[in-house]
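Per TrEMBL, the feature transmembrane segment maps to 46-67, 97-123, 129-147, 159-176, 205-224, 245-268, 310-331, 358-378, 390-409.
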Amino acid sequence: DSLILSPLPQHSCFSFRKLWAFTGPGFLMSIAYLDPGNIESDLQSGAIAGFKLLWVLMLATIIGLLLQRLAARLGVVTGLHLAEVCNRQYQKVPRIILWLMVELAIIGSDMQEVIGSAIAINLLSVGKIPLWAGVLITIADTFVFLFLDKYGLRKLEAFFGFLITIMALTFGYEYITVKPDQEKLLKGLFIPYCQDCGTPQLEQAVGIVGAVIMPHNMYLHSALVKSRQVNRANKREVREANKYFFIESCIALFVSFIINIFVVTVFAEAFFDKTNMDVNAVCGNSSSPHSSLFPNNNQTLEVDIYKGGVVLGCYFGPAALYIWAIGILAAGQSSTMTGTYSGQFVMEGFLNLRWSRFARVLLTRSIAVTPTLFVAIFQDVEHLTGMNDFLNVLMSLQLPFALIPVLTFTSLPSVMNDFANGL
């Protein structure tokens, strides 16, 4: 109850003070649009398809916004989050299946956060902290966030706002440094066409959708909006809460969309159509210790979070590499805690189990860290980043298990009363 904030009571068409009172849940939700899996999808689409898939990113973000709006409305109108409504509406077998699918999505997302954070730590330490050690560090930092959680939700929301600001500044720095072609950027955004595209570009387009629309994020958003006190007996208050939560979600996802554009366009401008030989020559001239990552052949350059930082460092100096790593670290760390919240709400809602957050994090992070740690110990960084592609596909496969419940329940008058979605 101490986390509940009461919005100001006075009525008006629009109030910035009311918007501020409702601001928080949407920005926590938007972090899922900026996790390391998203960043990797962005940079690969830029390097493989140039500016041509920006319209896919924009459409996926708009669809994500509409789905998040439905999830938030469900929480505001019913006073229950999506997992709790599933518990009440479904029989035992479909309920258990849904729970397992969402848990799988959360663990997959957790693995992406572990991978991204470990790679960022490795880059920042100039390789002195090996990947397996970076994976272990991500176990400890999760419990630091649990410690911060004790200071109250509003302070935690402010901290996440700070991490989003770091991402905006770091990836914005790369954008200003590379200076992408603005005409190509606008064409890519508003012309839904992909000239001379083949299977690799199609795979990237599908990967963008899987990376942007996260299944467990709908469960999270429907729960986060409950942190604001709304008199559900008063339709005007409910309508007003829905309005301000939607405005806040629009602002939050617009910010995340701009950050994603920064990453796509940087790699589209600098590394589209580049070969391994091109990068090998530049890295050799810059005396980069990582030039061996790129064989001296004419194959098209393939980049991931790790190689992305390396090639930025080769082309634009060491500052670009370290700033990139800081941005990836902020992405990994911020999405860690939202995954923790998602897991807590899902377990409580589906199973009526009220574990301590400490126990909950220990279980899911152990499941996520174990396979990642084995890869980090026995394989190299390329295999670790390759897991990200598989995990984005996993997210795509999990989408229906979140979309069907949220679309169903928000259209049922028996659940939503007068606020049922008419479409």
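Using N, Cα and C of the backbone, Cβ positions are placed for all residues, glycine too.
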Other parts of the chain folded back onto the transmembrane segment (245-268), taken as Cβ under 8 Å at six or more residues beyond its ends: 19, 22-27, 29-31, 33-34, 38-39, 42-47, 49-51, 53-54, 57-58, 61, 64-65, 68-69, 72-73, 76, 164, 167-168, 171-172, 174-175, 178, 180, 184-185, 188, 212, 221, 225, 303, 308, 312
CB contact flag for the transmembrane segment (358-378) and the transmembrane segment (97-123), at least three pairs under 8 A: yes
Positions whose Cβ lies under 8 angstroms from the transmembrane segment (97-123), at least six residues beyond its ends: 32, 35-37, 39-40, 83, 86, 90, 129-135, 137-138, 141, 214-216, 219, 305-306, 309-310, 321-322, 324-326, 328-329, 331-333, 335-336, 339, 342-343, 346-347, 350-351, 364-365, 367-369, 371-372, 376, 381, 384-385, 387-388, 391, 394-395, 398, 401-402, 405
